[in-house]
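Take a look at the structure set out below.
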Amino acid sequence: MSAGGDFGNPLRKFKLVFLGEQSVAKTSLITRFRYDSFDNTYQAIIGIDFLSKTMYLEDGTIGLRLWDTAGQERLRSLIPRYIRDSAAAVVVYDITNVNSFQQTTKWIDDVRTERGSDVIITLVGNRTDLADKRQVSVEEGERKAKGLNVTFIETRAKAGYNVKQLFRRVAAALPGMESTQDGSREDMSDIKLEKPQEQTVSEGGCSCYSPMSSSTLPQKPPYSFIDCSVNIGLNLFPSLITFCNSSLLPVSWR
């Protein structure tokens with residue numbers, strides 16, 4: 001049996017790299033998706049971290065390797081090697097910080113320089129809970145995404161708003177997963193981002209520019225695969241073997 005629990009079918013693994021300036025809450029997005037939690041005391045990473053998580057789609061199960069990169073200028077030289085073999089890039093900015101939005105152009109250019117023009121890229125405006133401090137409008141984000149031919153979504157990691165939808169959208173665009181776009185298990189009708197409800201977390205969908213339709217997941221999948229998490233500092237080896245819990249199931253990370 002494969003790691004994903006599908007008889008005879010090996011678990012397909014995809015590398016997603018998160019990019020953006022320091023303090024745009026890239027780590028918070030990953031933590032919200034991986035653990036469904038938010039840590040107000042979380043410190044900025046130094047170097048590169050990664051977590052793994054399985055996703056249960058209509059077409060099967062996939063493994064996501066979520067690479068969290070540091071946004072500090074002095075650590076930029078570490079990042080290109082992790083972009084090169086990625087299946088997708090998530091470029092994050094803070095809607096309350098216009099400079100972080102402006103810098104996303106450079107991040108997207110870096111991705112295409114290292115990975116090529118066919119890489120999947122999603123532009124994410126985070127921290128919509130701070131609407132009173134907003135410096136970048138939804139329309140500006142949509143225009144930039146359209147001009148750069150990338151997908152766009154706004155999120156709120158603190159409350160979980162649109163975080164699942166972000167990963168569903170990325171998963172639907174991954175190689176071999178295109179058919180999952182037509183096999184949704186949930187209603188993915190659009191949400192207007194201009195007036196998010198502070199007291200609720202929408203699971204219905206997202207309002208975004210995108211050349212593709214969305215993919216969905218069951219809200220409570222049978223997570224039989226043991227997810228692995230590894231924290232990595234500056235001295236990161238190019239290849240690791242991670243063993244999952246007591247099953248000693250090898251998962252190769254590159």
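Note that Cβ sites are derived from N, Cα and C of the backbone, with glycine treated the same way.
The GTP binding site annotation in Swiss-Prot covers 23-28, 39-40, Tyr42, Gly71, 126-127, Asp129, 157-158. Taken from Swiss-Prot, the feature Mg(2+) binding site covers Thr27, Asp68, and the record attributes it to similarity to another entry. What Swiss-Prot records for Tyr82 is O-AMP-tyrosine. Annotated region 'Required for centrosome localization' per Swiss-Prot: 1-174, in sequence order. The motif 'Switch 1' annotation in Swiss-Prot covers 32-50, and the record cites similarity to another entry as its basis. Per Swiss-Prot, the feature motif 'Switch 2' maps to 69-88.
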Suppose we draw a 10 Å sphere around the Cβ of Thr27 (GTP binding site). How many other Cβ atoms does it contain, all chains included? 24
According to DSSP, folded down to helix, strand and coil, what is Asp68 (Mg(2+) binding site)? strand
Have a look around the residue listed as 'O-AMP-tyrosine' and count the other CB atoms within 10 A of its CB, chains all included. 22
Between 0 and 100, where does the mean pLDDT of the motif 'Switch 1' (32-50) sit? 73
Just the number: how many Å between the Cα atoms of Asn126 (GTP binding site) and Asp68 (Mg(2+) binding site)? 15
If one measures from the C-alpha of Asp129 (GTP binding site) to the C-alpha of Asp68 (Mg(2+) binding site), what distance in angstrom results, rounded to a whole number? 22
Return the residue, from the listed binding-site residues Asp39, Asp68, Asp129, with the maximum count of other C-beta atoms within 10 angstroms of its C-beta. Asp68
Highest CB neighbour count within 10 A among the binding-site residues Ser23, Asn126? Asn126
From the Cα of Asp68 (Mg(2+) binding site) across to the Cα of Thr27 (GTP binding site), what is the distance in angstrom? 6
Rounded Cα-Cα span from Ala25 (GTP binding site) to Asp68 (Mg(2+) binding site), Å: 10
Any idea what the Cα distance is from Ser23 (GTP binding site) over to Tyr82 (O-AMP-tyrosine), rounded to a whole Å? 20
Do you know offhand how many angstrom separate Tyr82 (O-AMP-tyrosine) and Ala25 (GTP binding site) by C-alpha? 19
